[in-house]
Amino acid sequence: MEFSQHFQKLIDDMRLDGRYRTFAELERIAGEFPTALWHGPDGQARRVTVWCSNDYLGMGQNAEVLAAMHRSIDLSGAGTGGTRNISGTNRQHVALEAELADLHGKESALIFTSGWISNLAALGTLGKILPECAIFSDALNHNSMIEGIRRSGAERFIFHHNDPVHLDRLLSSVDPARPKIVAFESVYSMDGDIAPIAEICDVAERHGALTYLDEVHAVGLYGPRGGGISDRDGLADRVTIIEGTLAKAFGVMGGYVSGPSLLMDVIRSMSDSFIFTTSICPHLAAGALAAVRHVKAHPDERRRQAENAVRLKVLLQKAGLPVLDTPSHILPVMVGEAHLCRSISEALLARHAIYVQPINYPTVARGQERFRLTPTPFHTTSHMEALVEALLAVGRDLGWAMSRRAA
């Protein structure tokens with residue numbers, strides 16, 4: 001059978017409706033974040049300012065993190081040589097898991113190769129092994145959570161986004177004796193809004209449900225030690241399992257879950273996604289360990305990052321640009337049309353040396369295309385002013401209707 005025509009049509013259709021993804025070839029420069037080298041289609045390298053990185057605190061460039069990674073490579077080499085069960089558990093893994101458990105005030109933690117895998121593994125395993133399990137999932141949960149729930153085979157109930165009343169109604173419709181999990185996020189990555197964690201925990205506790213909180217876009221950034229929104233609001237002890245990433249505010253790579261030792265042991269012992277994969281490299285674990293320890297002890301980066309997020313939002317609002325008024329560090333600038341969003345992004349890069357990736361369907365709904373700006377502690381006022389001026393200039397040239405939209 002000839003498959004090429006089918007595959008070509010899929011690609012052509014994606015190009016036609018603006019879903020086709022092109023990757024900007026960027027080379028990060030140690031010590032110069034958020035500046036990077038962009039290797040353009042003409043083969044030339046050009047210095048650009050990055051405005052959409054998930055390295056929220058610049059920990060990927062932090063001297064302590066880099067030194068820890070170099071030491072680990074010199075000591076242990078590159079890879080682990082096995083799964084966690086077969087020769088692949090390194091001292092760095094054990095120390096990192098203990099540090100993450102402490103970060104969230106939990107008994108235990110378990111690291112994975114990515115945050116996507118940690119959600120897939122934890123939700124997929126718990127939903128599968130709990131008899132007659134029902135999982136209640138926020139309508140805007142991340143793809144990794146959706147896939148984990150789907151993989152579990154558990155019955156899924158979708159509650160309206162950040163709506164404890166609807167969650168309560170759905171939980172009330174289920175047999176009280178059934179095992180139940182409520183899965184939600186703290187900071188939602190595309191809209192930048194924050195979950196009402198206390199209210200959701202109130203509802204879950206009334207119905208005897210476990211709570212599973214994805215803090216991927218909050219760990220490192222909120223709370224006295226960077227434990228996330230649950231840390232900031234003093235709610236970590238009310239959440240059964242807290243999931244996070246090592247690849248955003250901590251600047252390295254990997255994901256994790258933290259919670260009661262018994263639940264972590266069950267996931268460790270029964271998750272295919274944990275059992276049958278090579279463990280993360282020792283130098284990645286060492287770098288993440290250094291990053292977590294640094295963030296716990298040094299609040300300055302997250303304070304400056306929060307200040308810069310407010311500063312940029314004010315500049316965007318004053319310029320009349322359609323930025324959502326979010327309570328978090330994520331600043332969505334709404335465009336509303338896929339091809340226009342991509343054209344603006346390309347013009348910003350080519351004309352103004354500013355890199356902002358367009359966010360189109362299926363990451364967001366059609367008609368909700370946007371840019372997702374993520375200020376860091378290292379963006380300056382000059383960077384911000386240049387971004388606003390470039391957005392206005394490119395917007396005028398391309399006919400972008402920039403009047404502010406209600407959030």
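Each residue, glycine too, has its Cβ placed from N, Cα and C.
Between the candidates Ser189, Ser230, Ser258, Ser261, Swiss-Prot assigns the pyridoxal 5'-phosphate site shared with His217, Thr245, Thr277, Thr278 to Ser189.
Record check: Swiss-Prot places Arg21, Ser137 at the substrate site, and the matching candidate among Thr326, Thr363, Thr374 is Thr363. For the pair Ser137 (substrate binding site) and Ser189 (pyridoxal 5'-phosphate binding site), the Cα-Cα distance reads 16 Å.
Residue pair Arg21 (substrate binding site) / Ser189 (pyridoxal 5'-phosphate binding site) shows a Cα separation of 19 Å. In three-state terms derived from DSSP, Ser137 (substrate binding site) belongs to an extended strand segment. Nearest Cα neighbour of Lys248 (active site) among the listed binding-site residues (Ser189, His217, Thr277, Thr278, Thr363): His217. Under a cutoff of 8 A between CB atoms, and with a sequence separation of 6+ in the same chain, the neighbours of Thr245 (pyridoxal 5'-phosphate binding site) are Ser114, Gly115, Ser118, Val216, Val219, Gly254, Gly255, Tyr256.
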